[in-house]
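**Student:** Before anything else, here's the structure in question.
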Amino acid sequence: MTRDTSPDLHYLSGFGNEFASEALPGALPVGQNSPQRAPYGLYAELLSGTAFTMARSELRRTWLYRIRPSALHPRFERLARQPLTAPLGAINPNRLRWSPQPIPAEPTDFIEGWLPMVANAPAQKPAGVSIYIYCANRSMERVFFNADGELLLVPEQGRLRIATELGVMEVGPLEIAVIPRGMKFRVELLDGQARGYIAENHGAPLRIPELGPIGSNGLANPRDFLTPVAHYEEAEGPVQLVQKFLGEHWACELQHSPLDVVAWHGSNVPYKYDLRRFNTIGTVSFDHPDPSIFTVLTSPTSVHGLANMDFVIFPPRWMVAENTFRPPWFHRNLMNEFMGLISGAYDAKAEGFLPGGASLHGVMSAHGPDAETCEKAIAADLAPHKIDNTMAFMFETSQVLRPSQQALECPQLQADYDSCWATLPSTFNPNRR
């Protein structure tokens, strides 16, 4: 068990484990999952995150022992106030970049504050990803679950206290949280307002990547992933339960808190990870390695090595390559890249890419360092130096990402993004090598 920075919160360490936790001693049945009478008069309930017959290495499921079963709810009704889920915008092959979205003036809780940015599949498909930016200034009083996919939260501003069915975790900038599909949760704002990024993964659950020749250690180490311990609410009284189903919000009113799980065991769990613990791998000789070495989490497809979605970070690191153009190289890619910035500056963009902002480089969109960065890199003294006080990230996917209509029409879309490459000169001289 691991104690986090908050003195009242504890976590279980590891990734993909068969965890077990109980808030009351003896609340977990011994030797079976569904006894005739569960301890303390609890109900046994199974939450499946994958099909029953998946390989054991792929299986995600958790047994919950709760005060009331989830089946105890009235009919869901479609809410009058729906999330901003506009249709995908017109086809647009251009490189796009957005300035940071403003925090709303009117009271907005976490689930009201999603701005859809890009997507590549409707929610009913068992693959693809939808990407949002969230902006909120009010803690949730209701409880939410997402039937459409697994949620990866990347805070950029403001700490979040996330009360889930399995326990409570806190995350802030430079940390991430993952919440399984269908798991109920409530988000409280610890700093009054919050902004960040969301990847809604419609495909296979996220996992840490294989290390291959790197060996048995490196990148995101399993022990640094933290899952909350069991914690339950026994509150009586009206609570709104909201679900996101095929992009729409539907709600019902309960007379109790649905976060009433007293004990649980399994592998389908929420977790958090501190990005500062990422063991960065890089060259110690020459050239800039492929950015796949910065992968924190991946959602695979049935094609070996082809990701439904990768979550990649560009953390502080030493640059020591000799006789090398050290920024990320110019590139045209089969994959689609949505980038965000949590803090500092990105080493391939001297200006215009700000914390809370975003960019999209679609399939085969030419991209790379801007003119100012390129000029400095070519002339740089190649002494070892550290890129510090920065954290950029990328959601990368093998399916084409299309921006939403809101993302194409919002005032934060930078009309002059292409100009950052406009002054790249031709330095070719056939008479001088």
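Each residue, glycine too, has its Cβ placed from N, Cα and C.
Pulled the feature table from Swiss-Prot, pasting it below:
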ACT_SITE  His288  active site, proton acceptor
BINDING   His331, Glu337, His367  Fe cation binding site
BINDING   Tyr346, His367  homogentisate binding site
**Student:** Give me the sequence-ordered set of same-chain residues, not including His331, Glu337, His367, with a C-beta within 8 angstroms of the centroid of the Fe cation site's C-beta atoms.
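**Tutor:** Residues close to the Fe cation site, other than His331, Glu337, His367: Pro328, Arg332, Asn333, His361, Ser365, Ala366, Gly368.
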**Student:** Tell me the coarse DSSP state (helix, strand, coil) of His288 (active site, proton acceptor).
**Tutor:** coil
**Student:** What same-chain residues, at least 6 away in sequence, bring their CB to under 8 Å of the CB of Glu337 (Fe cation binding site)?
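**Tutor:** Residues satisfying the criterion: Ser359, Leu360, His361, His367, Met394, Phe395, Glu396.
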**Student:** Could you say which of the recorded positions His288, His331, His367 has its Cβ with the most other Cβ atoms inside 10 Å?
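**Tutor:** Its Cβ has the most other Cβ atoms within 10 Å: His367.
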**Student:** Counting only residues 6+ apart in the same chain, whose Cβ is under 8 Å from the Cβ of Tyr346 (homogentisate binding site)?
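**Tutor:** Residues satisfying the criterion: Phe314, Met339, Phe353, Thr390, Ala392.
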**Student:** Expressed to the nearest Å, what is the distance separating the residue listed as 'active site, proton acceptor' and His331 (Fe cation binding site) at their Cα atoms?
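**Tutor:** Each residue's Cα considered, the residue listed as 'active site, proton acceptor' and His331 (Fe cation binding site) end up 12 Å apart.
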**Student:** For Glu337 (Fe cation binding site), name the DSSP secondary structure in the helix/strand/coil scheme.
**Tutor:** strand
**Student:** By the DSSP assignment reduced to helix, strand and coil, which category contains His331 (Fe cation binding site)?
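**Tutor:** Assignment for His331 (Fe cation binding site) reads strand.
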